[in-house]
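Below is one structure, written out as structure tokens; the observations come after it.
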């Protein structure tokens with residue numbers, strides 16, 4: 001093997017060769033266009049390239065190719081290190097949220113696992129169970145990180161799939177078997193396929209639930225906190241500002257959940273086979289019998305910490321990330337987790353995305369320095385105030401469906417804040433636009449795994465291939481939710497939001513600026 005071949009193999013690892021070559025071409029072309037053609041065109045090309053790296057997340061995590069593009073952008077002068085640093089400091093609370101809150105919830109997984117297991121085994125109606133999973137995921141995602149909620153539900157699904165697969169293969173609960181191979185299933189194959197379809201539908205309902213709940217509060221999604229910081233909204237005000245849009249969307253989302261299960265469309269409707277339920281119930285009883293006093297006390301402690309988390313966030317007793325740090329300290333102290341290695345595992349989930357977020361901010365700095373979004377913002381602001389809301393929602397929604405919604409929200413809220421400071425829009429209109437940006441980035445982004453981190457997390461999990469959940473199938477199953485959430489969100493932003501906000505101000509729940 002030559003050094004050239006070795007270099008190509010090392011560069012971006014197992015990514016497709018065409019993708020590696022494409023990234024190298026981008027790195028060659030960008031400086032040429034920046035210096036000899038137009039910095040504006042080079043800036044837009046960088047944004048398009050960065051969106052491509054996000055869309056290719058299944059082939060290669062965007063941190064590496066996106067990071068290389070951002071590094072080059074800083075090196076050739078498209079932005080400056082000081083501006084990147086300023087963007088990071090301005091959004092430091094989001095970084096704290098990702099580092100500490102996600103890690104804190106990791107230590108509450110046992111409680112969440114217990115809750116979802118009980119839901120799965122105690123509710124026999126598939127429609128009620130689907131609504132319960134969707135609502136539970138929505139409620140938890142309003143206070144916790146959506147990735148962690150999905151991770152817990154994946155753990156439940158993975159555990160139950162493994163239990164049934166072992167028994168169907170002729171083994172016992174505790175036997176070590178390869179659950180990726182079906183060669184020993186035999187006559188239970190049809191039951192296994194039905195169980196896979198059942199788990200697929202529950203996973204999708206849960207993921208959509210995280211989007212329904214995540215849009216409602218300032219801690220539900222990372223971009224929410226960015227918007228809340230720019231608009232100077234506390235937890236309660238953010239919730240009330242979003243309510244005219246998020247409440248109708250939540251209701252219609254739950255109705256959609258009920259209808260797709262009732263009529264068995266878009267891949268939904270599969271029920272839990274009775275044989276599988278019997279095996280899972282027996283497995284759960286065995287686990288309950290093995291549970292010690294120490295284990296029960298840990299669940300109780302985690303429940304108390306959960307109450308503290310909700311109270312701390314609701315009354316904004318500290319920065320979100322700091323509350324997450326208190327969760328880590330309390331959960332590890334009272335549950336006996338004292339090993340540095342055990343604590344370190346909690347941070348594995350969030351730190352890659354935290355690093356990627358810093359790369360986002362580098363691209364945002366380029367967008368600001370090169371005035372890339374100025375024509376779009378000017379076009380939107382030239383419209384009437386009533387039309388501006390719909391246009392912001394639509395532009396955010398389209399971009400969020402193919403790109404990461406944190407990136408999209410950061411760009412748009414920064415540009416809108418600049419328009420406010422330049423006197424192009426008034427404060428009340430700015431606040432309505434902030435709601436349109438938040439809902440526009442959160443709701444239509446359920447269309448593809450590229451937009452919602454929780455969807456991407458499920459797609460890249462070890463459970464997805466086991467239950468035959470591919471990219472195409474996920475998009476297809478998300479389609480009814482995409483249509484309903486996007487359309488209801490748009491109608492609410494255009495026709496309900498302005499009037500409802502005025503009513504909330506008049507009755508004293510919101511303060512006029």
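Backbone N, Cα and C define each Cβ position, glycine as well.
Remember, it's a predicted structure, so these values are computed and weren't measured experimentally.
According to Swiss-Prot, the feature transmembrane segment maps to 21-41 (among others), an assignment based on sequence analysis.
What Swiss-Prot records for 88-108 (among others) is transmembrane segment.
Taken from Swiss-Prot, the feature transmembrane segment applies to 119-139 (among others), supported by sequence analysis.
As annotated by Swiss-Prot, transmembrane segment applies to 143-163 (among others), with the evidence given as sequence analysis.
Sequence annotations record features per position, and here Swiss-Prot assigns transmembrane segment to 208-228 (among others).
Annotated transmembrane segment per Swiss-Prot: 247-267 (among others), in sequence order, evidence recorded as sequence analysis.
With a cut-off of 8 Å between Cβ atoms, the residues of this chain six or more beyond the transmembrane segment (303-323) that come close are 93, 95-97, 99-101, 104, 108, 111, 143-144, 217-219, 225, 234-236, 330-331. Feature annotation from Swiss-Prot assigns transmembrane segment to 303-323 (among others).
Annotation source Swiss-Prot lists transmembrane segment at 357-377 (among others).
Look at Swiss-Prot and you will find 389-409 (among others) tagged as transmembrane segment.
The annotation transmembrane segment is assigned in Swiss-Prot to 447-467 (among others) on the grounds of sequence analysis.
Per Swiss-Prot, the feature transmembrane segment maps to 477-497 (among others); the stated evidence is sequence analysis. Outside the transmembrane segment (477-497) by six or more residues, the chain places 200-201, 204, 208, 211-212, 244-245, 248-249, 252-253, 255-256, 259-260, 265-268, 386, 389-390, 393-394, 397, 401, 432, 435-436, 439-440, 443-444, 446-448, 455 with a CB less than 8 A from a CB of the stretch.
The stretches the transmembrane segment (389-409) and the transmembrane segment (88-108) are not in mutual contact, being linked by fewer than three Cβ pairs under 8 Å (pairs 6 or more apart in sequence). Ranking 21-41, 88-108, 247-267 by CB pairs under 8 A with the transmembrane segment (357-377) puts 88-108 at the top. Relative to the transmembrane segment (88-108), the listed stretch 143-163 leads the set 21-41, 119-139, 143-163, 247-267 in CB pairs under 8 A. Between the transmembrane segment (247-267) and the transmembrane segment (143-163), fewer than three CB pairs separated by 6 or more residues in sequence fall under 8 Å, so the two stretches do not touch.
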